[in-house]
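Taken verbatim from TrEMBL:
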- 41-290: domain 'G-protein coupled receptors family 1 profile' (DOMAIN)
- 26-48: transmembrane segment (TRANSMEM)
- 60-81: transmembrane segment (TRANSMEM)
- 101-120: transmembrane segment (TRANSMEM)
- 140-158: transmembrane segment (TRANSMEM)
- 200-225: transmembrane segment (TRANSMEM)
- 237-260: transmembrane segment (TRANSMEM)
- 272-292: transmembrane segment (TRANSMEM)
Amino acid sequence: YGMKNQTVINEFILLGFSYGLQVQTLLYLVFLVTYMVTITENAIIIFVVKRNHHLQKPMYYFLGNLSFLEIWYVSVTLPRLLFGFWSQTMTISFSSCMTQLYFFISLMCTECVLLAVMAYDRYLAVCHPLRYPAIMTHKLCFQLSILSWAGGFSISLVKVSFISHLTFCGPQVINHFFCDISPVLNLSCTDMSLAETVDFALALVILLVPLLIIVFSYCGILSTILCMPSAQGRRKAFSTCTSHFTVVIIFFSATLFMYVRPRRIHPFNLNKIVSVFYAIFTPALNPLIYCLRNKEVKEILRKII
């Protein structure tokens with residue numbers, strides 16, 4: 001069925017990184033090493049948290065969840081990109097594109113909620129240390145992690161179902177290395193104002209609600225730390241939060257830049273650079289940030305090694 005003499009397309013071409021062969025080879029090696037490092041680091045964290053009874057605390061339970069998420073997060077985009085470098089074909093079917101988009105957005109939304117849950121956990125630990133064990137029980141930890149995953153995956157389902165019902169005509173070229181919302185939306189030849197509005201509204205909800213929880217948690221943490229009498233107590237309380245705070249700043253600055261802006265003004269090559277940062281390098285950085293800033297994890301890793 002034609003539409004204004006245009007054929008409806010059911011396959012996209014991902015431009016990826018169309019540079020010369022030398023640059024492509026270099027990028028292939030960098031991304032391959034990053035992928036292997038990310039999987040290894042996060043798998044080690046999961047293993048260490050699971051096997052060590054010293055780490056059977058809510059903070060590490062959520063860290064294990066985050067590491068599990070990061071493994072899938074990079075696996076949604078990187079293997080396909082690496083295969084594209086190797087085979088020099090970057091076509092992707094409509095259904096594969098929507099699947100990739102769904103899982104990528106789901107995992108990103110889940111991470112937003114999970115980082116807010118981790119901030120709330122730190123808030124309770126620092127501001128209500130005596131009540132902390134009674135509040136943050138195994139049951140609540142499990143419920144909060146389920147809430148993070150279910151929330152992320154259901155919000156993404158709504159977003160992607162609106163996008164998948166649009167009609168896409170030529171050109172079928174996506175100037176990106178994976179199916180992300182804005183490059184896909186820009187190929188639609190039907191009225192997409194509803195899909196855009198739904199996407200924008202849900203992006204605000206899933207980013208701003210967790211961000212507000214994080215901000216309030218850290219305001220509480222900061223005021224409690226500043227009121228502590230001893231410098232050592234302040235340092236200890238502060239050190240338990242710095243790694244999480246660093247991860248939050250990196251993750252939210254990149255995602256807010258990408259997703260809470262009007263669609264039409266996107267400079268795509270800038271998009272690609274920012275996407276490489278948060279879709280590929282951040283999952284590799286997070287375990288390093290957590291381990292380098294955390295005495296307990298460092299000690300246990302040293303013992304194992």
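Keep in mind that glycine also has a Cβ here, set from the backbone N, Cα and C atoms.
TrEMBL labels come from automatic prediction, so no person has curated them.
Using a Cβ-Cβ cut-off under 8 Å and counting only residues 6 or more beyond its ends in the same chain, the transmembrane segment (60-81) has close neighbours at 16, 31, 34-35, 38-39, 41-43, 45-46, 49-50, 92, 100, 103-104, 107-108, 110-111, 114-115, 117-118, 121, 141, 144-145, 148, 177-178, 279-280, 283-284, 286-287, 290, 297. Taking the domain 'G-protein coupled receptors family 1 profile' (41-290) as a whole, pLDDT averages 87 in the prediction.
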